[in-house]
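S.K.: OK, Swiss-Prot features for this one:
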type     : residues : note
SIGNAL   : 1-25     : signal peptide
DISULFID : 38-109   : disulfide bond
DISULFID : 41-153   : disulfide bond
DISULFID : 62-97    : disulfide bond
CARBOHYD : 64       : N-linked glycosylation site
């Protein structure tokens with residue numbers, strides 16, 4: 001009889017613990033990570049002479065797809081290796097979430113391109129309903145541009161077989 005009661009008690013405890021896990025699963029917690037660099041050749045991608053940026057400010061903003069209203073906003077500053085991390089609570093399945101550059105710590109490398117073709121933000125998916133198992137979301141690297149390209153840029157572009165591209 002005592003064994004039977006112990007088994008029922010153990011089964012009941014397991015049921016309660018499993019329900020607690022289901023209750024916690026309803027709230028999503030994500031971490032958005034990314035990197036900021038100085039685009040030393042003004043070509044909108046990293047090269048071997050690009051530099052990481054400590055102290056750069058980025059913002060994460062989510063907007064509802066249909067209404068266009070802002071549903072989430074947070075800022076972060078890059079660390080000594082140029083990386084940032086933004087904690088996010090909630091699920092934003094019906095939103096477009098983007099990381100944008102806000103402020104550069106380097107006045108010589110502080111321009112954000114506004115050309116139509118330029119990558120001005122990095123999109124991230126902040127929902128658990130997309131097949132991604134991890135709660136860490138990695139954003140593409142974003143770069144501030146130098147006011148003038150470095151003198152080594154033509155050589156670097158040639159190494160990449162980009163002969164017709166000119167650092168602007």
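Please read every residue number as a count from 1 along the shown chain.
A Cβ is built for glycine as well, from the same backbone N, Cα and C atoms used for every other residue.
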S.K.: Near the Cβ of residue 62 (disulfide bond), how many other Cβ atoms are there if near means within 10 Å?
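M.R.: Result for residue 62 (disulfide bond): 21 neighbouring Cβ atoms inside 10 Å.
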S.K.: Measuring CB to CB from residue 97 (disulfide bond), give everything in the same chain under 8 Å that is also at least six residues away in sequence.
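M.R.: In sequence order, 32, 60, 61, 62, 63, 72, 123, 124, 125, 126 meet the Cβ cut-off.
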S.K.: Between residue 41 (disulfide bond) and the residue listed as 'N-linked glycosylation site', what is the CA-CA distance rounded to a whole number of Å?
M.R.: 36
S.K.: Count the Cβ atoms, other than its own, that fall within 10 Å of the Cβ of residue 41 (disulfide bond), considering every protein chain shown.
M.R.: 26
S.K.: Just to verify a number: CA distance, residue 153 (disulfide bond) to residue 38 (disulfide bond), in angstrom, no decimals.
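M.R.: Spelling it out, the Cα of residue 153 (disulfide bond) and the Cα of residue 38 (disulfide bond) are 13 Å apart.
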S.K.: How many whole Å apart are the CA atoms of residue 109 (disulfide bond) and residue 64 (N-linked glycosylation site)?
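M.R.: One finds 32 Å between the Cα atoms of these residues.
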S.K.: Test of understanding: give the count of other CB atoms lying within 10 angstroms of the CB of residue 109 (disulfide bond).
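M.R.: Residue 109 (disulfide bond) is surrounded by 21 other Cβ atoms within 10 Å.
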S.K.: Whole-number answer please: how many Å between the C-alpha atoms of the residue listed as 'N-linked glycosylation site' and residue 38 (disulfide bond)?
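M.R.: The separation of the Cα atoms works out to 31 Å.
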S.K.: Find, among the disulfide-bonded residues listed as 38, 153, the one whose Cβ has the highest number of other Cβ atoms within 10 Å in the structure shown.
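M.R.: Comparing the disulfide-bonded residues 38, 153, the most crowded Cβ belongs to 38.
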